[in-house]
Structure formats: C-alpha cells, structure tokens
Amino acid sequence: MEFEFDLIVVGAGSGGLAAAKRAASYGAKVAIIEANQIGGTCVIRGCVPKKLMVYAAKSKKNMDSSEGYGLKNEGINFESNILLKNVREEVSRLSNLHRNSLKKLNITIFEGLGRFITQNELEIICSNTKKIKNKISSKKILISVGGKPKKLNIPGIDLAWTSDDIFELEKFPKSLLIVGGGYIACEFASIFRNLGTEVTQLIRGKHLLNGFDEDLSLCLEESPTFTDIKIISNAQLKSIDRVNGNLESTLESGDKLLTNNILIATGREPNLLPLNLDFLNLKMDGQYLDVDELNQTSNANIFAVGDIINKPNLTPVAIEQGRVFSDNFFNDQKRKVNYEYIPKAVFTIPEISTVGLSEKRAKEIYSEKNIKIFKCKFTPMSNTFKKNKSKCMLKIVVHKLTDKVLGCHMFGETSSEIIQMVSVSLNAGITKKDFDITMALHPTISEEFVTMYG
Ligand code: NDP
C-alpha cells in the first residue's frame with residue numbers, strides 16, 4: 001500500500017513536535033495534526049505560562065519585603081489583567097515560532113482532531129463544525145496527544161476551574177479554594193497567594209507533595225507563603241454549589257467553605273478518547289498506552305510518547321522520547337531514553353527541587369542501616385534584611401557501603417537551577433567523597449552541598 005506520509009504525528013505538544021522535527025530533519029515526509037494552538041500543554045497551558053506567573057509572584061514578594069534593603073514602596077498595585085494578557089501574548093508568540101519552524105522543515109500541519117479509521121489512516125475532524133476535513137495515511141503513526149485534567153466525580157464539579165481555565169482568566173479572584181496537594185495545586189497556591197488572593201488548600205492526605213522527600217514537604221508547609229495559606233488536610237470535597245455568585249464547597253465532614261472560585265488540581269489523565277482507538281485493541285497499561293522501550297505500542301505501526309504513557313509526565317522526558325523515536329526509526333540509530341536521575345522541580349516560592357531517591361525510598365530499597373543522610377537548613381543571605389524569612393534546606397542521601405549519592409533534595413531560591421547541575425553528577429555515578437573534595441564557591445547557597453560533613 002502507498003502512503004501519503006512516512007510519519008503522522010497526532011498532537012503538536014513537546015513530544016510530538018520534537019519527533020516531527022527530528023524525523024523531518026532526516027528527510028521523512030511528516031504530517032502533524034493539532035486541534036488547538038501548536039505547543040501542547042507545556043507551551044500553551046502548563047510550564048511556560050505558569051513560570052511567567054511565578055516570575056510575577058516572585059517580583060511582588062521581593063518588592064513587598066525589600067524595605068530592609070532601603071527600598072521603600074508605598075504599596076504595589078498588582079493588575080492581574082495585565083499579567084494575564086501578557087502571558088497569553090507570549091504563549092501565542094511561542095506557538096507561532098513552533099508553527100514557523102514546522103513550515104521551514106516542510107512538515108504539513110493539519111488543524112483539527114485526529115481520529116483513527118484504520119491502523120494507517122486518520123481522518124481530521126474540524127473542532128468547531130465536527131465535519132471531516134481530510135483523510136491522510138502514513139506508514140508510521142506517533143500518538144502524542146498529551147493529557148487533560150482529571151475531574152472529581154462529585155455534584156457541581158463543572159462549576160470549578162481546572163488549570164486550563166486559569167490561563168483564560170481576565171483577572172485573579174479575591175479568594176480561591178485549591179483542591180489537591182501535588183505539583184499544580186502547590187504551584188498555583190503559591191502564585192495566587194503571593195499575588196494577593198486568599199487561598200485555601202484542601203488535601204486528602206496529611207501533607208503537601210506526597211511522594212517527595214518528606215523534609216521538602218515540611219519545609220514548604222513551614223514557609224511564609226504556605227503558612228499564609230489555610231491548609232485543610234485529611235479532607236475530601238463532596239459537592240459544589242453556586243451561592244450568590246460565589247462557590248460553596250461542602251466537605252465529606254459536612255463543613256462548608258465559601259470562595260469566589262475553586263481550582264481542581266487532582267491529577268491528569270491521557271486524552272485518548274477522541275482518537276477512536278478501541279477497534280485497534282492496543283494493549284493498555286492502566287489508563288496509559290502500553291509501549292516497549294522503543295515507544296512502540298502493541299501495533300507495530302503505532303507509537304506513543306509523552307503524557308499518554310506510564311513514564312514521568314514531564315516536558316524534557318516527552319521531548320527525549322520523541323527525538324529517540326525519530327533517531328531510531330528514521331535514522332537507523334539504536335538509542336534508548338535514559339530514565340535515571342530525572343531532575344524535578346515544583347515552582348513554589350521558594351521552589352523545591354529533587355533528583356534521585358528520597359530518604360524514605362532509599363531506606364526501603366537498601367535498608368535503613370545502609371543509608372546515611374546529610375542535611376542542613378539555614379536562612380539564606382538574601383533574606384537577611386527581609387521580614388518574612390524563608391529557609392533553605394539541602395539534603396544528600398548516601399549509600400553507606402558504596403558512598404554513592406542516591407538522591408539530592410533542595411528547598412530554596414534557585415534550587416531548580418542547582419539541582420539540574422547536580423543531576424549531571426548523579427548520572428555520572430558520583431560519590432559523597434567527590435562532593436567533599438570539590439571546592440566550595442562562597443558565598444552561595446549551593447556551596448552547602450560540598451561542605452556537609454557527617
Ligand atoms: P499530582 O499527581 O502531582 O497531584 C495530584 C494531587 O491530587 C495529589 O495531591 C493527590 O493526592 C490529589 N488527588 C488525586 N486524586 C484525588 C481525589 N480523588 N480526591 C482528592 N485528591 C486527589 O498531579 P497534578 O495535577 O498536580 O500534576 C499532574 C502532573 O503534571 C504531575 O504529576 C507532573 O508530572 C506534571 N507537572 C509537572 C510540573 C513541574 O514539573 N513543575 C508542574 C505541573 C505539572 P495524593 O497525594 O493523596 O495522591
């Protein structure tokens with residue numbers, strides 16, 4: 001059978017764009033299907049617009065607390081409409097850059113929803129009219145449609161926002177209930193609180209950021225931003241009602257809360273439904289598409305990358321999966337994605353960063369007696385003259401017998417920039433002795449990583 005394309009990529013997010021561009025650079029004839037703006041979750045409604053909002057919140061926090069440095073301000077007026085408009089403009093600019101780079105590589109863009117009709121053919125459905133616009137075929141198809149927010153199955157849930165809605169707002173609310181204690185919930189709690197919104201956070205467990213090293217969760221909860229947020233733990237939302245233009249949340253306990261708005265941040269799930277995959281009987285891994293280490297699904301023509309497979313749902317991971325896929329199948333290489341020591345950050349203020357095993361996980365794997373912990377907590381010099389001083393925490397998890405560093409964790413300003421570089425050394429198999437013989441750079445926060453002695 002003759003196909004129009006060598007590769008059809010369904011979904012122009014981080015993973016899909018990376019794969020399409022890399023395959024086209026090897027001379028493959030590539031098409032990409034996208035129903036929304038080019039860029040996907042990261043560029044359009046995730047990492048990029050969120051981080052721009054984090055910069056706004058940090059600027060405000062710095063201005064609010066800089067009097068000790070002689071910087072008097074007579075009250076700062078935050079106009080959320082300006083921030084939101086600027087963020088949307090930047091997102092459009094980046095989306096257009098991606099569109100232009102696809103065009104330069106002669107990648108054909110199809111706007112609409114991709115729907116499988118055979119294992120090699122898709123129809124493109126117009127998002128507005130729902131009419132079929134095109135039918136295209138290819139030897140290989142890469143699914144990279146990403147995820148969508150998971151909603152709670154409770155009465156009134158459609159009255160609440162998900163993170164997607166935040167980027168469409170015209171202005172910030174005065175009060176907000178955030179449900180969830182993970183990445184999205186904590187990052188938006190930090191953004192909104194530092195920019196003046198009254199925030200309440202509802203978590204079903206005991207602590208924020210379940211699964212992270214416990215010291216990181218505790219540092220976050222003790223920080224000035226989060227002590228200024230009302231955290232309701234061990235609680236579940238039961239229903240939402242509209243009351244006089246506000247939203248009333250009823251908890252399982254029967255307690256009620258009234259806020260302007262509610263943000264549901266209880267996880268994300270693969271957005272596979274519109275693809276019409278059922279007739280292909282692809283093997284699943286829970287809610288995710290099952291793939292082998294070459295990102296091949298149970299159908300040899302169909303591949304998957306990004307948030308629809310059961311790997312860390314992070315932009316750099318999706319990009320690498322997409323590039324490795326194209327290197328292997330369009331340039332005859334034999335590459336694999338390295339899932340070891342993936343650095344992670346939660347962009348609260350201050351931020352949390354981590355690479356490798358948490359103390360708890362290391363002790364579970366290697367037994368408590370074989371793990372040594374190095375830890376320090378202090379007020380960073382930058383906070384010397386500030387009113388609300390947040391602390392820094394650095395922690396190294398070491399295997400006692402081999403001296404190998406198994407994990408590094410940090411809470412504090414610029415920790416994501418520091419942990420990115422620490423992850424290079426963990427990937428290279430660094431020992432604690434290597435940290436110890438490295439000269440410190442003074443005065444910095446990160447010098448503590450090489451000056452902690454047991
Ligand atoms: P997370 O998995 O990080 O957090 C989900 C939160 O919702 C947890 O606190 C979880 O509680 C809670 N939860 C789940 N189900 C329920 C329920 N039925 N009722 C009440 N609470 C519930 O998901 P996010 O949506 O925050 O983020 C999704 C993914 O996106 C992340 O895992 C990450 O991969 C990626 N991301 C990365 C960012 C970054 O790199 N900085 C930023 C934002 C997103 P519990 O802990 O008890 O399970």
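Every residue, even glycine, has its Cβ placed from backbone N, Cα and C.
Per TrEMBL, active site, proton acceptor is recorded for HIS442. Taken from TrEMBL, the feature FAD binding site applies to LYS51, GLY114, ASP307. According to TrEMBL, the NAD(+) binding site annotation covers GLY180, GLY181, GLY182, TYR183, ILE184, ALA185, CYS186, GLU187, GLY267. Marked as disulfide bond by TrEMBL: CYS42-CYS47. What TrEMBL lists as domain 'FAD/NAD(P)-binding' is 5-322. TrEMBL lists 342-452 with the feature domain 'Pyridine nucleotide-disulphide oxidoreductase dimerisation'.
The structure, with features from TrEMBL marked on it.
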{"residue": "CYS42", "record": "disulfide bond", "Cβ within 10 Å": "25"}
{"residue": "CYS47", "record": "disulfide bond", "Cβ within 10 Å": "18"}
{"residue": "LYS51", "record": "FAD binding site", "Cβ within 10 Å": "16"}
{"residue": "GLY114", "record": "FAD binding site", "Cβ within 10 Å": "26"}
{"residue": "GLY180", "record": "NAD(+) binding site", "Cβ within 10 Å": "24"}
{"residue": "GLY182", "record": "NAD(+) binding site", "Cβ within 10 Å": "18"}
{"residue": "ILE184", "record": "NAD(+) binding site", "Cβ within 10 Å": "23"}
{"residue": "GLY267", "record": "NAD(+) binding site", "Cβ within 10 Å": "16"}
{"residue": "ASP307", "record": "FAD binding site", "Cβ within 10 Å": "31"}
{"residue": "HIS442", "record": "active site, proton acceptor", "Cβ within 10 Å": "7"}
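In the predicted structure, the domain 'Pyridine nucleotide-disulphide oxidoreductase dimerisation' (342-452) carries a mean pLDDT of 97. Here CYS42 (disulfide bond) is positioned 11 angstrom away from ASP307 (FAD binding site), judged by their C-alpha atoms. With a cut-off of 6 Å between Cβ and the nearest atom of ligand 1, the binding-site residues LYS51, GLY180, GLY182, ILE184, GLY267, ASP307 reduce to GLY180, GLY182, ILE184, GLY267. With a 10 A radius on its CB, CYS186 (NAD(+) binding site) counts 27 other CB atoms from all the protein chains.
Nearest in space to GLY267 (NAD(+) binding site), taking C-alpha to C-alpha distance over the recorded positions CYS47, LYS51, HIS442, is CYS47. Compute the center of the Cβ atoms of GLY180, GLY181, GLY182, TYR183, ILE184, ALA185, CYS186, GLU187, GLY267, which mark the site for NAD(+); besides them, the chain residues with Cβ within 8 Å of that center are PHE188, LEU209, ALA265. Among the recorded positions listed (CYS42, GLY180, ILE184), CYS42 has its Cα nearest to the Cα of GLY114 (FAD binding site). Looking only at Cα atoms, CYS47 (disulfide bond) sits nearest to ILE184 among the recorded positions GLY182, ILE184, CYS186, HIS442. Residues of the domain 'Pyridine nucleotide-disulphide oxidoreductase dimerisation' (342-452) grouped by DSSP class, helix first, strand second and coil last, total 37 helix, 33 strand, 41 coil. The two recorded residues, CYS186 (NAD(+) binding site) and LYS51 (FAD binding site), show a Cα separation of 13 Å.
A distance of 19 Å separates the Cα atom of GLY180 (NAD(+) binding site) from that of LYS51 (FAD binding site).
Nearest in space to HIS442 (active site, proton acceptor), taking C-alpha to C-alpha distance over the recorded positions CYS42, LYS51, GLY182, ILE184, is LYS51. The two recorded residues, CYS42 (disulfide bond) and ILE184 (NAD(+) binding site), show a Cα separation of 13 Å.
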